Amino acid sequence: MIRSSVDRIMLHVCLALLPTTAWGLYLFGWPAIYLWLLTCASAVACEAACLYLLGRPLRRLLDGSALLSGWLLALTLPPWAPWWIAVGGSMFAIGIGKQLYGGVGQNVFNPAMLARVALLIAFPLQMTTWALPLPLGTEGAPGWLEGLRITFAGGALADGLSGATALGHLQTELTLGHSAAQILDGHFALLPAFLGYSGGSLGETSELLILLGGLWLLALRIIHWEIPLGMLLTVGALAALANQIDPQVHGGGLFHLTSGGLLLGALFIATDPVTSPISRSGRLIFAIGCGALVFVIRSWGNFPEAVAFAVLLMNALVPLIDRVCRPRAYGRNARGKPLVAAKWTRQVKEVDKV
């Protein structure tokens, strides 16, 4: 039974994530399944522990917010990451990113992205080691027992089982003096990237399934169109412009739109109603800022993927954006002060005419 609007939102977002999650679990096999289960279970367990220690009712677990935070974090992790990445990241997301601010609806930053950035800074090797797709049941794919060993015993991936993402490969090869066109010609194909046959984080492989889930949320009016559309258009426009100016260094707009976690971030992460602006104009400003930061960090930053950094930086500006874009109260000026009598009378007459 859905108990509140919060429960309803969390349920529908989880349902929208199911297609891309199921595809990622199939594509990367048993280690990815264990990672996803561990991350979600750890997030819920940490939420329960925090509620108990703070003397809050445990029924708040039923709102699904902890499960969703763990789920989103899992989708942004390398699919064969060790167990302690899953557990530690979930504990950080819930304990620091959520409960430290007062619980659901009070957090300033997106908990999943805060945890991902913390993991990336603390454990850069584990967070940038990517397994190649080995679908369940295919030759060479680890069975359930081998998957347990990979997840819980750890160990470096063999060269034949690991590879760089398209964004990471571009960044590395550019430092060696190769042009972007040469690099992407043999390492990036648009259709496989869109359909979901390329490596990367657990939940970012199939742009098609992410898009379908996001469109469903838009149809239900659970998310607003301004953030995903504004963010994607900004990244695409800046990337296309940069590619026209200097094609030797910059990939094109379609490459940036279908690579990494941009689509997942635009539809499922940046649209978090708690950490995004409340007004339409504010959401557009937020989206453009996120998109611009994604492109800038991808192009000149130390990390090839930039969605988490961009979202967190713009989360910090949300209070300012809300203040600047706050609708003017009736009978008051833009600063919130009462209008003088003449202006007030004119405003009333204009309303009466309507």
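Keep in mind that glycine also has a Cβ here, set from the backbone N, Cα and C atoms.
Since this is a predicted model, take the numbers as computed values, not measurements.
Of the listed segments 9-28, 29-48, Swiss-Prot assigns transmembrane segment to 9-28. Under the three-state DSSP scheme, THR165 (FMN phosphoryl threonine) falls in the coil class.
Take the CB of THR165 (FMN phosphoryl threonine) and look out to 10 A: across all protein chains shown you find 23 other CB atoms. Counting residues 6+ beyond its ends, the transmembrane segment (277-297) has Cβ neighbours under 8 Å at 224, 226-235, 238-239, 242, 256, 262, 265-266, 270, 303, 306-307, 309-311, 313-314, 317-318, 321-322, 324-327 in the same chain.
Sequence-remote contacts of a segment are chain residues at least 6 beyond its ends whose Cβ falls under 8 Å from one of its Cβ atoms, and for the transmembrane segment (222-242) they are 9, 12-13, 214, 249-257, 262-263, 265-267, 270-271, 276, 280, 283-284, 286-288, 290-292, 294-295, 299. Taking every listed stretch (67-87, 200-220, 249-269) in turn, the largest tally of C-beta pairs under 8 A with the transmembrane segment (9-28) is reached by 200-220.
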